[in-house]
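Chemist: In case it helps, Swiss-Prot gives these features for our protein:
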- 1-23: signal peptide (SIGNAL)
- Asn71: N-linked glycosylation site (CARBOHYD)
- Cys272-Cys282: disulfide bond (DISULFID)
- Cys281-Cys340: disulfide bond (DISULFID)
- Cys309-Cys372: disulfide bond (DISULFID)
- Cys313-Cys374: disulfide bond (DISULFID)
Amino acid sequence: MQKIVVYVYIYLFVQISVDPVALDGSSQPTENTEKDGLCNACTWRQNTKSSRIEAIKIQILSKLRLEQAPNISRDVIKQLLPKAPPLQELIDQYDVQRDDSSDGSLEDDDYHATTETIITMPTESDFLVQMEGKPKCCFFKFSSKIQYNKVVKAQLWIYLRQVQKPTTVFVQILRLIKPMKDGTRYTGIRSLKLDMNPGNGIWQSIDVKTVLQNWLKQPESNLGIEIKAFDENGRDLAVTFPGPGEDGLNPFLEVRVTDTPKRSRRDFGLDCDEHSTESRCCRYPLTVDFEAFGWDWIIAPKRYKANYCSGECEFVFLQKYPHTHLVHQANPRGSAGPCCTPTKMSPINMLYFNGKEQIIYGKIPAMVVDRCGCS
């Protein structure tokens, strides 16, 4: 229904722009016709921009399968954001936009967003609460988006507090299991020994891909893990439950999953700017600012170039749109006329909090207008 309404508006605008009509039904061109036409075009483009921004907000929530924007304050975000290398890399080296309409970029056919990286923070499980001698950490709940056969990489990141002198640190990651007859409650995942020098604390990553895949295949076996990291004097260096001044130093899981995009068909279109006098269907620049929406739950990008389509699609533009002209010639009565719409769209990468306070790095399809055309 919305598409039909847009088509009607475009059709009416084209008719008014081409042939201004007086109230008595007679055509009355004036010396200001050209100027008025340009003003009308500016007004039309402004309305199109506003509609495009509102549509983008709706599309993002829909494609992320969110009924509403997550209600996460800036203070909470500051506490939840890990001060860790993988997250900082995503933010610092963020590929916000590939605004190159000349190349055959990759894009997905699916409507919903595809997930590439999920950063999961630890929670407390019932099993850990019920245990005697409760372990320090950690239990991770996994998103349904993670399938065991799609996991490319799974890293457990832990932060080790600073040391006062050169020392050797012994790190041990244990997987919790249901108590056996001999009382055993743990099985080893990984042990490592590393040397630390005085200075700031460090982040250490441990490969847990195999364990994660087993958990995904058998969810009931996921009872949590315990993290141990001691120096030569028995001092516990692992930050499992952050203390004062340790916000953002929680352990977390970084999981990367496969994403297999398909190549899109290449076509061509016009590019214009806001000062252009081009009347034909054209792509115009539009920057979407998430901070202006109050969408603090989007970590990156804070803004991106979305672009939009606007302009006329008359049948006289034969050289620019030959296919549309041939269709009209074959069936002149069966077509209401072409409309200016996106003919190629590409995805954006986004780093965001979902409703469960998990950090997701994913790809949202069809969010950038690369080319416009008449169809």
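Each position is counted from 1, following the chain as shown.
Placed from the backbone N, Cα and C atoms, the Cβ positions cover glycine too.
Explain the structural surroundings of these features, please.
Modeler: In the three-state DSSP scheme, Asn71 (N-linked glycosylation site) is classed as coil.
Cys272 (disulfide bond) falls within neither a helix nor a strand when secondary structure is assigned with DSSP, and so counts as coil. Its own atom aside, the Cβ of Cys272 (disulfide bond) has 19 Cβ atoms within 10 angstroms in the protein chains shown.
Its Cβ taken as reference, Cys340 (disulfide bond) is surrounded by 26 other Cβ atoms within 10 Å in the chains shown.
DSSP assigns Cys372 (disulfide bond) to a strand in the three-state reduction.
Cys374 (disulfide bond) counts 24 other C-beta atoms within 10 Å of its own C-beta, drawing on all protein chains shown.
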Chemist: So how many other Cβ atoms are close to Cys309 (disulfide bond), meaning within 10 Å of its Cβ?
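Modeler: Result for Cys309 (disulfide bond): 23 other Cβ atoms within 10 Å.
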Chemist: Ten-angstrom check, please: count other Cβ atoms within 10 Å of the Cβ of Asn71 (N-linked glycosylation site), all chains counted.
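Modeler: Other Cβ atoms within 10 Å of Asn71 (N-linked glycosylation site): 9.
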